[in-house]
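Annotation comment: Swiss-Prot describes 14-24 as motif ''HIGH' region'. According to Swiss-Prot, the feature Zn(2+) binding site maps to Cys146, Cys149, Cys159, Cys162. The motif ''KMSKS' region' feature in Swiss-Prot is assigned to 344-348. Taken from Swiss-Prot, the feature ATP binding site applies to Lys347. According to Swiss-Prot, the domain 'tRNA-binding' annotation covers 601-702.
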Amino acid sequence: MLHVKRTLVTTALPYANGPVHLGHLAGVYLPADLYVRYKRLKGDNIIHIGGSDEHGVPITLTAEKEGISPRDVVDRYHGMNLDAFTKCGISFNYYGRTTSAVHHATAREFFSEIENKGMFTRKTEKQFFDKKANRFLSDRYITGTCPICSNPDANGDQCEQCGTHLSPLELINPKSKLSDATPELRETLHWYFPLGRFQSELESYVQSHDKEWRPNVINYTRTWLKQGLNDRAITRDLSWGIKLPLETPEASGKVLYVWFDAVLGYISFTKEWAAQSGQPELWREYWQDPECRMINFIGKDNVVFHTLMFPAILMAWNKGRKTDLYNLADNVPASEFMNFEGRKFSKSRNYAVYLGDFLEKFPADTLRYCIAMNYPENKDSDFSWLDFQNRTNGELADTLGNFIKRSIDFTNSRFDGKVPCECTPEEWKIPGIDWKETLEKLDQAFEAFHFREATSLGMDIARTANRFLTESEPWKVIKSDREGAAKTMAISLNLCYALALVLYPVIPETANRILAMLGVEKSIDDQLDSGKSCIAQILTPQLEKGHQLRKHSEILFTKIEDAELAPELKKIEDLLALTEEREAKNEAKAMDFSPLISFDEFLKVDLRVATVLDCQKIKKAGKLLKLQLKVGSETRQVLAGIAKHYSPEEMIGKNVILVANLAERTILNEISQGMILAVEGTDGKLFLVEPSGKEINGKKIQ
């Protein structure tokens, strides 16, 4: 088993511009809580730090849309999300806010340290400016047509339809979201962080963890490293945010870019936790003691911010220092996405189940269990209402809950509510469970972040316990062999205790209720003590002969009836109907043919057969492929938004149709010398137009 002096767990900061949904819970906050609760159960010294990201354009956009101040927005959603997390049993030691004075001071301190070392560069660049609103426009304040998929509603930073990361300058027909006016380009000065300067150090850092980190984290990070790291802007022209600690005209109106600001929240929140604990310097033991292990729980869309950018900021601080050096993360267990009824969660389309809404209707532990059993560890998973119902009814109610209630009720009715006899170490083996091996497997699963495996292990014990009680038939045996029935019940009651411990990280409120029904004075929460392992109690029976149970049991899990799910299924039906209606409109709109052109105009379009020689994915563009095409005697580079439909490997050797005389464009610093043709099906899938025949490469389409 792994032992360290102390462990710091951080969780990605959710934007305080809306409520968190089940996708957020599954990807970041529940896995972190499962890990933290297990480590506490082992007696490890561990703290869990989280908080709200309260700066950035999403906040100001929401404020302007609602006609309120950014402060009103973040106050509302910080409180709402913290309340939802608390009700769900997410056990933060501290949940902070990036608008706090401590955080502002910490972020400015980091900026000043790096600025004083002369590491930042200043660059004048062109940025869109809205004359009507009299302000520079950051990327999310601009909308326009995507140059990749022609989506007319692409944002200045990304097209949601094709997933391509964009810059505002790449949009076709850009418009300001503030005034709907066409913005003009003006020069503005920004500070840049020299990410490329730390390329070698970051490569060594990632290499040192390649056996421990998940493959998706390693692969995505190495893709960025392979393509070379560039300077990244750390300032924006905004009024809401952390102002630069510089008294110069150039710094006026500038705030820290949220990617630089937010990750430093982990440090400032730990400082606030230490101060709240009455030991203001205690935070250093978690950030500046090499014997502390740090784990950053994130979703897969935040990988490079935590494997490259945050470490680089800490490296910049550490450069040239002999004291107050910061630790880098030991692991960054990024989850894949959890979808909802087969589709991606989307706040913009309101296709989501919000955590607060869910907890008004169903118990938190049922949700925690269902998500843990569907944890998106190495691939995307799915939350469905029917699966939630089946797991609640079949596994939690019929298996676990049924066993606990039967054991306690029978003991209360036939043995005066007392453990009827001792359960010896030899008898503890009777159900067929190797407790030493179970403890080792449980530890290995949790320490490796295999939460589905750890949860399944607990439910397997519940199934074994249920089967043991059913096959032992104490209600029959007691008629002729009271001692034999007593032995069965002593074992069963101790199994109840062990199940509470094993499943505590997943269903903590239920685990404490089980111990209360068993008449145990201290809840598991009250037994947790740094340096003392509670989970090791499963190795031996804990309930002695004569121990008094609580007189009345309770139903741990109420089964979910079809009628309770009907409103939720109706919501999905309505949302899907709206989606189909929108898609139908788009399809109908697509049948409106373009304006007529003359034959001579058509002849101006030079369509050629090209063959794919090489194909690679583009960094920061989830749906973009870079193709090297052979067109007769020439070689062309073309970017195509088909990565979700064709892999690079299957593209090589294909014949495609190239618009050969299309003016070249620069997209994400890559040249695209033309366009290849594809057809979009009704389900959004793209199909390449693939000509076949011998010796047709370079030939013109007629």
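Positions of Cβ are set from backbone N, Cα and C atoms, glycine also.
In this structure, the binding-site residues Cys159, Lys347 were compared by how many other Cβ atoms lie within 10 Å of their Cβ, and the smallest count belongs to Lys347. For Cys149 (Zn(2+) binding site), the count of additional Cβ atoms within 10 Å of its Cβ stands at 18 [all protein chains shown]. For Cys162 (Zn(2+) binding site), the number of other Cβ atoms no farther than 10 Å from its own Cβ, over all displayed protein chains, is 24. If you take the Cα of Cys162 (Zn(2+) binding site) and the Cα of Lys347 (ATP binding site), they are about 17 angstrom apart, rounded to a whole number.
All protein chains shown were included, and the count of other CB atoms within 10 Å of the CB of Cys146 (Zn(2+) binding site) stands at 22.
Taken as a whole, the domain 'tRNA-binding' (601-702) shows an average pLDDT of 86 in this prediction. The DSSP breakdown of the motif ''KMSKS' region' (344-348) into helical (H, G, I), extended (E, B) and coil residues amounts to 0 helix, 1 strand, 4 coil. DSSP assigns Cys146 (Zn(2+) binding site) to coil in the three-state reduction, placing it in neither a helix nor a strand. On a Cα basis, Cys146 (Zn(2+) binding site) lies 21 Å away from the residue listed as 'ATP binding site'. In this structure, Cys159 (Zn(2+) binding site) belongs to neither helix nor strand by DSSP; it is coil.
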